[in-house]
Amino acid sequence: MSRDGQKIDRRKFLKGAAVGAAAVSSTAISNAQDQESADHQHAPSDIALRVKALETVLTEKNLVDPSVLDEVVDRYENRIGPQNGAKVVAKAWVDSDYKARLLDDGTAAIGELDLLGTEGEHMVVVENTAEVHNLVVCTLCSCYPWPTLGLPPTWYKSSAFRARAVIEPRAVLREFGLEVSDETEIRVWDSTAEMRYLVLPRRPEGAEDMNESELADVVTRDSMIGVAIL
Amino acid sequence: MNSIHDMGGMHGFGPIVVEVDEPVFHEEWEGRAYALSIGWFPASQYKEWGGFRHNLEKIPPKDYLNMSYYERWFFVNEQKAMQLGLVTEEELNNGNADPNYLMPQLEPHPDSSLGPGRLDLEINAKFENGGVVRAKEINGRAHNRLPRYVRGKTGTIISDNGIYALQDTNEKDEQPYDDPQHVYTVRFSSEELWGNASHGNDFIYLDLWESYLEFA
């Protein structure tokens, strides 16, 4: 611990972080929101330079191949995202056999669609019903099923969501505009091990005539985390 | 370790702020920092995420809270690169590699070779579905996946997810243990975790390694 503490001081990081926090505070509405602003990616200005420096030095030492980094960025910006999870959900809505397999063994059923991968090797799918509403969180870090949902939004990684989802899920859902009745059971899934969770939302009313691909278009990221219904 | 990363149940963070139409990466550096963590992971000598996570957890709380997610990721990789002698502070300050710098011979990393994934091993399960268990009090300084808010609390096993190597680290953020165990999903009532003022229809599920649990 102390060894790392000294390293931090040596890199003058604290100075940079303090500058960033002060800049954020001037635009924050209240003290309570200062932390949320920090969660919101307002970085100290020198972070971009530091990232560039590390990448450049590692590249010059042949420890990093920038084209590999380009590929990673492209993958998550353009190819992996909630549209993948939406395919899983839409298929489950139109194919009851697939839905049964999906709820029984999420990993195998999502594997059928070739949508497993880093941070989504072991998948569990939990179904919303008239009686049960599911909500996914990771209180310890920000674990999230990357292959099916992409990288998590900032609010999912925020201190407020990580802290509150397990102690007051109904208040959290209310902030997302979702009022869950007292009779409905809420299940909060805290992703503490290697399983990653995907919520199977209820099929919206009025979507009876839609085909699988049209259905996939109505499935939202938030509905697969459990902070929205369709 | 007991630090700020273990946030479940804390108060005082205010409302959840949602950014509409949020981009995957807000600025270019976020994407590069993320890709460095993924693409450069092996050379950084974190064979597994446990060591990476432990380094995130060791960021002092006041700094942890002032950093964004990708700042934390970048910060621990930058630290690790210097700690291992792969880069020097001077090189980072100059923004270029020193051609005369001699790279150190790195010792083989002691991490377990079992990996984080599900293992095809035959090990008897200590608990069965429907069993009532209590999460142990584990307060080590190293990395574990047992949040404070369930320690000492009683829940019910609802599924056995199979065998996974324990992902805990030692205090040096290494994962030297080959300790495969069953991982169970345990259901806790909100009332058990947070007291009688909680909603009686709220339940919290956690995936917990067998060694975190005891018969209640």
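Heads up, the Cβ atoms here are built off N, Cα and C, so glycines get one too.
Note that the structure is predicted; figures quoted are calculated from it, not measured.
Summarising the annotation, TrEMBL assigns domain 'Nitrile hydratase alpha/Thiocyanate hydrolase gamma' to A:46-228.
Annotated Fe(3+) binding site per TrEMBL: A:C138, A:C141, A:S142, A:C143, in sequence order. The number of other Cβ atoms within 10 Å of the Cβ belonging to A:S142 (Fe(3+) binding site), over all protein chains shown, comes to 19.
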Listed binding-site residues (A:C138, A:S142, A:C143) that sit near chain B [CB under 8 A]: A:S142
Mean predicted confidence [pLDDT] for the domain 'Nitrile hydratase alpha/Thiocyanate hydrolase gamma' (A:46-228): 97
Additional residues surrounding Fe(3+), by Cβ distance to the A:C138, A:C141, A:S142, A:C143 centre under 8 Å: A:T139, A:L140, A:Y144, A:P152, A:K157, A:R162, A:S191
CB within-chain contacts under 8 A for A:C143 (Fe(3+) binding site), separation at least 6: A:E119, A:S191, A:T192, A:R196
